[in-house]
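Visitor: First, the structure itself, so that you have it in front of you.
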């Protein structure tokens, strides 16, 4: 019987990072290992329901130190605009003393981290191992975060001529550039210094990029598999959404969710709404209020609600995304190609239309649309603007069962989904991942 280990987990202060770390923690706990999960105090309540093994996974709350310019009480990226992520990153670095005190007191065998590049050096001082666990796509790391890499420039030996940035991606690169220098240093330093690199992906989707990363860093790369969240069967789909969706034919409704960190300018928000209207299809749009508006209703185009009242809803709050995707009426999922959302998309039966906003989302979108041809990307102008016509046309192209594009992406998506949900694939990844940890670290 293999020895059991005690792991620390210290993810970036974003729910899009903390939740995938917790999914991995659940898999480790399921195999009898212990996990101490370090996170901001306020985040604990929102994550507790994701902890399936509370006897084996213990939350260790941290006090987020004040940083000049960071709003008081801000602890996660959900509390701030993307432009302030750099300051939250500084706050994360200032928790080092708290993290080291926990290490001294609890003596873990290894530490999983992503942005805290100082973890490997600290771990070595205490004779424990470090794992750089990357939850963004391997394509992003391979393209942008290899030694000597530059934002937007394909590195020598990069294994794809399709999964890359183009002229019209300036908007995504500009958004990241505010945060990029610090982020690049954090991730590459962590990858260089850690004992093992772990990626949340599978070779069936990103194998050539994982191999490239391993060669670039001269390190063992372990894959966890996609780490789909456990379905929450304790709560059914909210009645308001079940009632609304059940009023339409199977596979006829478009569900659009641009991501929790995306706050659109009012004109782009309205164009998004008008694009959904222009499809002529029933839709549910879950989106944050536009910049300058306190509610989504304030930002809607004039006369919009009246025109779509029988077939469309714009909602500014949280929704049960996995349960909505599983509803038989949903036929198309329009999303930002975030690292968690895209895996949910791939194992659903919905057609996929992608509107990436950040650089990592752009690269994974290209992987989906051009390497695998399982989705369609909404065209943009250089400014990042997408028109109602471009959105509507993309949606209609995949929803039309008789169109060449619709047939192609539907067929390819079905094939890829069959691979990802094949019996034993995901459990096999977890088994091999744990074996790899024990062979290389414990």
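Placement of Cβ uses the backbone N, Cα and C atoms for every residue, glycine included.
Sharing the record's features from Swiss-Prot:
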- 260, 319-321, 336-344, 358-361: UDP-alpha-D-glucose binding site (BINDING)
Visitor: Just counting, how many other CB atoms are there within 10 A of the CB of residue 344 (UDP-alpha-D-glucose binding site)?
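Guide: Neighbour count, Cβ to Cβ under the 10 Å cut-off: 19.
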Visitor: Long-range same-chain neighbours of residue 360 (UDP-alpha-D-glucose binding site), Cβ under 8 Å, sequence gap at least 6?
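Guide: 136, 137, 139, 140, 339 - these are the non-local Cβ neighbours of residue 360 (UDP-alpha-D-glucose binding site), listed in sequence order.
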Visitor: Helix, strand or coil by DSSP: which one applies to residue 260 (UDP-alpha-D-glucose binding site)?
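Guide: Coil, per DSSP.
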Visitor: Within 10 Å of its Cβ, which one of these binding-site residues (260, 321, 341) has the largest number of other Cβ atoms?
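Guide: Within the set of binding-site residues, the most crowded position is 341.
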